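Here is the structure we will look at, set down as C-alpha cells.
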Protein chains: 2
Amino acid sequence: MATLICPEEHSPVTDAEAIRKACKGWGTDEKALISILGHRNASQRKIIRKTYEEMYNEDLVKRLESELSGHFEKAVYRWMLDPQERDAVILHVAIKEKPILDYTSIVELSCIYSPHDFLSVKCAYQARYKRSLEEDLAQHCTGDLRKLLVSVVGIYRYAGDEIDAKLAKSEADVIYNAIKSKEFNHEEIVRIITTRSKTQLRATLNRYKDDYTSSLTKVIRRALTKSGTDEESVTRVIVSRAEKDLEVIKELYYKRNSVSLDHAVSKHTSGDYMDFLLTLLGNKN
Amino acid sequence: MATLICPEEHSPVTDAEAIRKACKGWGTDEKALISILGHRNASQRKIIRKTYEEMYNEDLVKRLESELSGHFEKAVYRWMLDPQERDAVILHVAIKEKPILDYTSIVELSCIYSPHDFLSVKCAYQARYKRSLEEDLAQHCTGDLRKLLVSVVGIYRYAGDEIDAKLAKSEADVIYNAIKSKEFNHEEIVRIITTRSKTQLRATLNRYKDDYTSSLTKVIRRALTKSGTDEESVTRVIVSRAEKDLEVIKELYYKRNSVSLDHAVSKHTSGDYMDFLLTLLGNKN
C-alpha cells in the first residue's frame, strides 16, 4: 500500500504556474513546491512536467535542480523522474559514482520488482546511458561479487507460483552442505539464489529452516557486516516506494524498531528535506 | 532473406480440409502435407491450426505427430509451432533431453535473435515449462560452461549501434593478454563476450585483428574441436531460418563449401524428410 496522498483531480496548468511562482525571484518557496509535488502521483507529475515545459519553454527538472540543493534537491530530482528512469539513475549512481560499488541499492532494486517490471528499468537504463546495466555492473566489480550481482540483475526469473517440493528439499541440502564447509561463495549457492523463482526460493528457505532448525537469512546475516544507513538510502526507499508499498514498510519498520519510521525520519533529517520525506510518508501539511 | 515460398492468400478452411484428407484412412499422404504446410508462413500456419481444431475438434499438431515419424515428424512438428514456442522446445531438448548438453543450439539461438526477440523465446519457455530457461540451463551444466552459457542466455544486451573505440582497444588488449597466457576461461574474457553489445563486440574483435594481425575467431577455432553435423542441426537451422535469413545462409554455405546447401541436403537426407527440407529451402514442388 502506498503512503502518497494526492487529489484525484488537479489542474496541470495551475500546478505549473504555482511551481513557476515558487521558483521566481530571490530565494525559492520550498514549502509551496512540497505542497504541490509531494501530493502528485507519477502520471500527474509527468503531465505537470510536460505542461510546464510547454508553458515556459524550460525543463522543469533542470529548473528544480538549479533552485534546490543538498539532499532535498536529490530527493526532488528523483521524485520528478519517471519511476523506471529514476531507478535507472539510482542504479547508475550505485555502480559508477560511488567510491565502492553500492551493492545494497542494486540488490534492493532488482528484488522489489517483478522480472517484467525490472526489465523496463533495464530498458530505461539502456536508453539513458547507451549501455546495458549488466555490462556496466560487470565492469565495476570482480570475482564473487560479480558472479552474484550480474546474475541477480541479469537473469529473467520465472514469476509463476509453482513449487517443486522435491527440488526445495534437495537444494536446501545443497545449501546446508556448502555452508557447513563454510563455502558461502559455492557455485551451487550462487546458482540457486540467482536462478530460482522467488516462490521456489522461499520454499527452499522454509525447507532449510524446517530441516536444519535455523533460518538461512540468520546464517547469512552473521556472515555479513551490516552497513550504516545514510541519507541516500532513506531517499531511495521513500521516493521509490511512496507510490507502491511504503505503508507496509512503515508497519514492518515499527515492528522491528518499536519506533515509527516518521519519527526516525524527523529525528535524523531536517529542513525542507525532512518536510518532503514526511509528506511522501503520508503526513498532511 | 527468407527462402519460404508461400501464397499471399490461402483459404484456411480448404487447407484444413486437405490436411484432414491427407491424414485420413490407411497411410498418410506426406506429399500433400508438404505441398500445403511447406508453403505457409508462421501466421498462416497458426490460422490453419486454429481452423483445423475448430472444424474437427482435434489438435492438428498432435494429429501430425501420430501420423508421421522420424526426422520428418520432428521437422514438421517444429515447423507447426509458433516460432518462439518452437525455439523454446529446441532449447529444452538441448538442455534436458541430450546425453550431454547441446551447447551449439543454445549459443546459436541466443545469438541470432535481438535481445528483445530472444526475451519472447524465454517467455515462451517459461509459459511451457513453468521454469526459466536460465534455471534449467544452470542446473544442467557446471563450471566454465555454466558461467559462459547462463550469461550468454541471461543478459539483456544493449542493442544500440554506438561504438566506444577506446573501450574496444582496451578490451582487445585484455583478451590478447588472457589468450597469451592460455587462460581461455579468464573472467574478463567471459565478461566481455557475455555483456557487451554485438556492435561493440564486433569493434573489439576488429581491433584485435588490426593490433594482433590474427582474428580471434581463428584462435578460438583452434581451441575447439569441431562437432559433426547431424539431422537435428539441419532441421533446426532450416526450420528456424526459412522465414528469416535462409537465403543468406545458402549463399554463405556455397561460398564456404563450393556446393549448394540444396545439394548437400539432398545428398545427406532422403524421403519425405528431404522433400520437406527442400521445400523450405525454396524449391518448388
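Yeah, the Cβs are placed from backbone N, Cα and C, and that goes for glycine too.
These figures come from a predicted structure and were not determined experimentally.
Record features (TrEMBL):
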| type | residues | note |
| --- | --- | --- |
| BINDING | A:G25, A:G27, A:E67, A:K226, A:G228, A:T269 | Ca(2+) binding site |
Count the other Cβ atoms sitting within 10 Å of the Cβ of A:G25 (Ca(2+) binding site), across every protein chain shown.
8
Can you name the binding-site residues among A:G25, A:G27, A:E67, A:T269 whose Cβ is less than 8 Å from some Cβ in chain B?
none
Take the Cβ of A:G27 (Ca(2+) binding site) and count every other Cβ within 10 Å, whichever protein chain it belongs to.
9
Below 8 Å Cβ to Cβ and six or more residues apart, same chain only. Which residues does that give for A:E67 (Ca(2+) binding site)?
A:C23, A:T28
Just jot down the residues in the same chain as A:T269 (Ca(2+) binding site), at least 6 apart in sequence, with C-beta under 8 A of its C-beta; none if empty.
A:H71, A:E231, A:V234, A:L277
